[in-house]
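Trainee: Here it is: the structure, laid out below.
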Amino acid sequence: MDKVTELKNKGNEALKQNNFAEAIAAYTEAISLDPQNHVLYSNRSAAYASASQFNLALTDAEKTVEINPSWPKGYSRKGAALTGLGRFKEGHDAYEEGLKYDPSNAALLQGKQENKMAHIQSLMKDGNMDFEELLNQAQKHQSYQQQQAPPSQPEPKAPPKPAEPMYEDLSEEDKKKFDAKKAKEAGNAAYKKKDFENALLNYNKALEFDPTDITFHNNIAAVYFEQKEFEKCIKQCEKAIEIGRENRADFKLIAKAFSRIGNETKQLEQAKVFYEKAMSEHRTPEVKTLLSEVEKKIKEEEMKAYIDPSKAEEEKEKGNELFKKGDYSGAVKHYSEAIKRNPDDPKLYSNRAACYTKLAAFDLGLKDCDTCNKLDSTFIKGYIRKGKILQGMQQPSKASAAYQKALEIDCNNAEAIEGYRQCSMAYQSNPKEVLQNAMADPEIQQILKDPAMRMILDQMQNDPNALRDHLKNPEISGKITKLIEAGIISIH
């Protein structure tokens, strides 16, 4: 598998897990390797849209269409981004353009419909728009082709609707449904006023008239929820599901009952089961979010339950033994297990970083060093390990900064002194090579390309006192620190 495919798959997996930032990063890296791959721009557009970054989603969608104008999915991405931005007419046009290439494309047809509904919903949210104006707007945008021309002749009057049948003329079954509907409406009115006793009374009355309607059971469950009668709420939802199944109720109503049980169930595993059942009946973004949150909590609880410092110590000792024998891969496994058992012990990350250094897995080692230093900023070994890794990566300026941190903790530490001395010699013996290595760092390149930073660096060169003012800004201070660590600039 080539690197581009590997990154694309990584992005796809992250997108499935709703980890949009990771997905975007993976697609971006893949695009840097294959900038004419329209699928990568399409996927990143989807990730941006999922993260509600619709302007960026639109930019990628337009790039997708530019590279492959006959690919329907590009227009689907463009339509989705424009809809997210509230540019409904343009979104509709994008879907229409895509349908020219594939008239039966399900994604385009669905997107076009969602665009239409989103526009109508946006009109409904406009508090200043009365109903008549809303109706006019909805009709005006129904086709999105052009404004309807005023009719040349007056529209013929619609024939009068037939009169509603009198209550006395209804069949016994229809009378019961009519009475049930009236009782439900009375219950809804009481519920809105938070008069839950009367709401419950009327919903139960509606059930007496029509015991097969799942809606009444769901309404009763809602009242129990407001009254904090959670056990009753769950039982009522279970009854609703049973009645719904028996009477072939709308799957959305059954899903609502499952979802409410999930909301009230305090046991995470049980809540997860009911949310999954709700999703199997009818997928909604709200339930999907609730399911993701429960799964996250379950994982956190499992991690907490797994913590055991004594077992972590046992695993650390096993790792130490293998490290002494030169079995660094084996040692990594034991240190990793120790970290799971005691994730707040900085020594474990330091030990694993030492293994990664031996295995030349420098990026992983650096990550462990940073975690170690974050957990305990006075743990000197974390900075020394970091310095050694950066030396191995031919970044003496950054390594020197790590050793300086170590010397701030213990100015007599022999390892830190020797590391700092080696870095200084490396820079003095070949400063051009050090600068070349630093300039190859994408982060350094980005800082130096920033017009604002270039202006700040010019000010610092002409007025050394300007540095003091700029360091008050945390963002600028961070960038200047990186340039110092890389050896690009020096402060005397």
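Including glycine, each Cβ sits where the backbone N, Cα and C put it.
Pulled from TrEMBL, these are the listed features:
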{"type": "REPEAT", "residues": "4-37", "note": "repeat 'TPR'"}
{"type": "REPEAT", "residues": "72-105", "note": "repeat 'TPR'"}
{"type": "REGION", "residues": "138-176", "note": "region 'Disordered'"}
{"type": "COMPBIAS", "residues": "138-150", "note": "compositional bias 'Low complexity'"}
{"type": "COMPBIAS", "residues": "151-163", "note": "compositional bias 'Pro residues'"}
{"type": "REPEAT", "residues": "180-213", "note": "repeat 'TPR'"}
{"type": "REPEAT", "residues": "312-345", "note": "repeat 'TPR'"}
{"type": "DOMAIN", "residues": "441-480", "note": "domain 'STI1'"}
Trainee: Given a Cβ distance threshold of under 8 angstroms, which distant residues of the chain, six or more beyond its ends, lie next to the repeat 'TPR' (72-105)?
Mentor: 38, 42, 45-46, 48-49, 52, 54-55, 57-58, 60-62, 64-65, 111-112, 114-116, 118-119, 122, 141, 144
Trainee: So how many of the residues in the repeat 'TPR' (312-345) end up helix, strand or coil by DSSP?
Mentor: 28 helix, 0 strand, 6 coil
Trainee: In the repeat 'TPR' (180-213), how many residues does DSSP assign to helix, to strand and to coil?
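Mentor: Secondary-structure composition of the repeat 'TPR' (180-213): 27 helix, 0 strand, 7 coil.
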Trainee: Counting by DSSP, what is the helix, strand and coil composition of the domain 'STI1' (441-480)?
Mentor: 32 helix, 0 strand, 8 coil
Trainee: How many of the residues that make up the repeat 'TPR' (72-105) does DSSP mark as helix, as strand and as coil?
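Mentor: Its residues divide into 27 helix, 0 strand, 7 coil.
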